[in-house]
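Swiss-Prot has this to say about the protein:
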type: BINDING; residues: Gly30, Asp31, Asn32, Ala33, Gln34, Gly35, Lys36, Thr37; note: ATP binding site
Amino acid sequence: MILTRIILHNYRNIEAAELCPEENFNLLCGDNAQGKTNTLEAIYLLGHFKSFRRGRNEELIGSADRHTRVQGEFLRDGLRETVSITITGDKKNIEINGKRPRQSNEMFGRFPSVLFAPEEVSLPKGFPAGRRALLDRALCQTRPSFLDHARAYQRCLRQRNILLKSGAAAPIVLPWTEELIQTGAMVRLARRRYLDRLLPLLRDIYREICSGRESVNLVYPSESDNLSDLKEELRSNLEREQSRETKYGMTMVGPHRDDPVFMVDDRVLGLYGSQGQQRSFILAFKTAQIIDLEKETGYTPLLLLDDMTSELDRKRQDYFFRFLHQRQGQVFITCTELSPLQNAGFNRMRTFRVREGKLCDYQ
């Protein structure tokens, strides 16, 4: 699968742009704050239907118009497919091949992409929500139905929290507790099964990056892959926290509070790991995600690498560049200088100059 064309209208600082990328390596080069990451974000939007940055949809709209539009054309299984996303205010309209998709599985995982962004390096030391999001984004692309389970859980969670905050009687809260147990167990089961697949890859890749000197693990709070056991576990946890939930007016346990812990040599990476270990872990996770995605779906995802050379030292760059050269697939890389990539052997690539929101072939 490759992206053959992308058209942007009034997207952040990009008033109008059209790119026809190469099927292998594409470089977006320019100074900071010129529009490189915005372009990468627009490509990401075509596959994930939301930005990888925090914020509201309205923030994607530039100043030249009241709406923004991103259109992509893909070659998939020998057939051309189009994706169009229009955002007006807080409303988003998505069309695939000219039609609005009716279900999540018609959208997610159809045009897969994997992002490597500088801010992800801090995830091991950050809040649990960031690590959950990293895991869930990867999971959605191999199991689009996971999004339906996650949304059902969030809807139930919001309603249950409203009742708890209002001091509703236990019989009124009980049906929502039962629904929370059902949907929450499904979310935990999907995460557990994904990690069971990913962990062997993650460990092997990390071992290769660090020349076998260290071992890694990713510990998820729920270890069972049995749905009935997960339901009983969550039920027991909720019963234990009942008094605290009444006191604070919110749901105190569940998938929304789970913390996937990143470990190196049986030590919590967020507490004891070095910056280099954090970078190696995220690099290994992303590489494992790519390999797993290809195995599970049969499609090679687009790789979106945002200023990767600034976050990886020479050794880690060399490892990942070797990985990129060995695989077949489309890659988009942002950078401020060409020389590090040219020195790594990226001589056959299409280079675009990005300056003040305008994109053109590099001269």
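Cβ coordinates come from backbone N, Cα and C, glycine included.
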Lys36 (ATP binding site): secondary structure state under DSSP, collapsed to three categories: helix
Any further residue of that chain within 8 Å (Cβ to the Cβ centroid of Gly30, Asp31, Asn32, Ala33, Gln34, Gly35, Lys36, Thr37) of the recorded ATP site: Asn38, Thr334, Thr336, Val354, Arg355
Winner by Cβ contact number (other Cβ atoms within 10 Å) across the binding-site residues Asn32, Gln34: Gln34
All chains considered, the count of other Cβ atoms within 10 Å of the Cβ of Ala33 (ATP binding site) is 11
Starting from each candidate's C-beta and looking 10 angstroms out, tell me which of the binding-site residues Gly30, Gly35 has the most other C-beta atoms. Gly35
Cβ neighbour count within 10 Å of Thr37 (ATP binding site): 22
What are the non-local neighbours of Asp31 (ATP binding site), defined as same-chain residues 6+ apart in sequence with CB under 8 A from its CB? Thr336, Arg355
Take the Cβ of Lys36 (ATP binding site) and count every other Cβ within 10 Å, whichever protein chain it belongs to. 26
